[in-house]
Amino acid sequence: MRDSQNTAQTLTESLKYFLKYRDQTVVIKYGGNAMIDEKVKESILKDILLLKTVGIKVVLVHGGGPAIGELLEKYEQKSQFVQGLRVTDKKTAQLALTALAGKVNKSLVQDIIRLGGNAIGVSGIDGKLIEAKPISEDLDYVGEITAIHPEIIERINQTDAVPVIASAGIGLDGEIYNVNADTAASRIAGALSAEQFILLSDVRGLYGNFPDEESFIDEINLTNLEKLVKEKKITDRMIPKIEAIKYAMFEGLGQAVLLDGRVPHALLLELFTDKGQGTMINH
């Protein structure tokens with residue numbers, strides 16, 4: 001009886017959050033180890049289906065996880081890096097698209113349908129969703145995002161399906177470009193003026209002195225975040241994610257959250273409880 005009462009109390013407390021996010025857009029960037037562990041993946045997808053069921057416009061943007069590396073290895077395509085970015089020739093760009101849009105994207109759509117929901121998978125090249133140009137001559141087909149055309153997402157959001165977006169870009173010349181998935185997701189969130197952008201990663205969130213748990217930051221604004229970056233208290237691994245979030249917030253994004261995707265039902269705990277789960281970044 002007590003467990004039932006606790007469940008009822010939790011649902012009652014969550015009501016204000018159901019109302020807050022109903023008919024609002026929440027963009028979720030999915031990647032990292034959360035894509036590898038099947039139990040974690042199923043937990044995340046179940047959470048996404050619940051969000052959709054209570055009237056939230058969920059947009060799922062994903063990277064390639066290990067799938068791109070595995071396909072490149074299969075075709076004996078060696079990777080070279082310049083300043084941390086993969087040099088991408090035309091063949092590598094095509095293989096990356098195959099892994100992203102062919103394997104990972106359709107697998108996620110299949111899993112969502114298997115769990116009782118509906119999903120439509122597209123890549124960034126469909127409808128020129130993610131428009132890009134070469135970031136530099138040295139990196140060949142590595143793309144810099146120049147524009148987001150979200151109309152295809154908005155049309156899907158008018159249905160019962162979750163839009164599942166593979167983060168590839170296309171140029172006005174029709175060439176395919178490899179784009180950073182975190183940047184793509186944040187730019188999509190900004191273009192949609194999303195209420196919330198959730199970036200799933202492999203850490204709990206931001207720390208003032210990583211990995212000291214006592215220094216965990218549960219909420220921070222852009223001004224104080226800039227101070228932490230200048231003081232070099234944010235790990236190098238997090239800097240690209242922070243830069244992507246900042247850009248999206250200037251574009252129209254409401255809030256962003258860095259969240260550990262490995263925690264069971266982290267999405268529900270973040271969106272529907274007072275305490276939250278990760279680090280919230282606001283204006």
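Backbone N, Cα and C atoms are what each Cβ position is placed from, and that goes for glycine too.
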From Arg86, Arg187, the one annotated by Swiss-Prot with Gly64, Gly65, Asn178 for substrate: Arg86
Sorted by sequence, non-Gly64, Gly65, Arg86, Asn178 residues with Cβ within 8 Å of centre, substrate: Gly63, Ala67, Ile68, Gly69, Ala96, Ala99, Leu100, Ala181
Least Cβ-crowded entry, counting other Cβ within 10 Å, from the recorded positions listed as Lys29, Gly64, Gly65, Asn178: Gly65
Max pairwise CA distance, angstrom, over record-listed substrate binders Gly64, Gly65, Arg86, Asn178: 14
Long-range Cβ environment of Arg86 (substrate binding site), under 8 Å and at least 6 residues apart: Ser79, Gln80, Thr92, Leu139, Val142, Asn178
